[in-house]
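Here the structure comes first, spelled out in structure tokens, and everything after it is commentary.
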Amino acid sequence: MISLIWTIFILHIAIFLVNTIGAATIDNLLWLLYLKLPTSLYQTAQEQTKLKREVVQLKRDMNNTSSQDEFAKWAKLRRRHDKALSEYEALNQKLSSQKGSFDWFVKIARWLSTTGLKIFIQFRYSKTPVFELPGGWLPYPVEWVLAFPRAPQGSVSVQVWNSVCATAVTVIAEIITGLALQVKGSAQAVPATAKKA
């Protein structure tokens, strides 16, 4: 089984990724993936996409047809466009209501798997040391702070380890971002040298 040290560290990486990428982006990506699964909504989504293309094509044809010179053709296109548009809006409304309930479910699952799990771990393992410190290695006040609030003296508590992991993940991400920007900047900033004739 994975140790408490790594569980908390991986949890903080997941929380950082969700915060960095953005909850809305993750929700939209999961919604698109859900629509690709063979569910009842798959057919509705396919039909909505088809109707959207049809509405756009009919609108384009209407704009290309003169309403004064070719009124009969324009009126026929207008009726087809209005019918396709009303069908599209009905399907769009159905998908929007489904997306609302899907987003609600995803938000609950995301909260339970990140923040909820973090809170559960803090309460469940509040008296359990994450790891022991060597005896006499640190002065008493430092040991007391590291064991705060309920871990045994001479150990590191879950709450302190949570803070350490959150800070470490943030600092590591900033270092990686800085290095990536520096490498990208140095790759673009290579001056071209002119050859002498």
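Glycine residues also receive a Cβ, built from the backbone N, Cα and C atoms like all the rest.
Taken from Swiss-Prot, the feature coiled coil applies to 43-99. Sequence annotations record features per position, and here Swiss-Prot assigns topological domain 'Lumenal' to 1-4, 132-155. Annotation source Swiss-Prot lists topological domain 'Cytoplasmic' at 25-110, 173-197, citing sequence analysis. Sequence annotations record features per position, and here Swiss-Prot assigns transmembrane segment to 5-24, 111-131, 156-172 based on sequence analysis.
When Cβ-Cβ distances below 8 Å are used as the criterion, the transmembrane segment (5-24) is approached by residues 107, 110, 113-115, 117-118, 121, 130-131, 158, 161-162, 165-166, 168-170, 173 of the same chain, each at least six residues removed from its ends.
Only residues 6 or more beyond the boundaries of the topological domain 'Lumenal' (132-155), in the same chain, are considered here, and those with a CB under 8 A from a CB of the stretch are 126. Within the model, the topological domain 'Lumenal' (1-4) carries an average pLDDT of 82.
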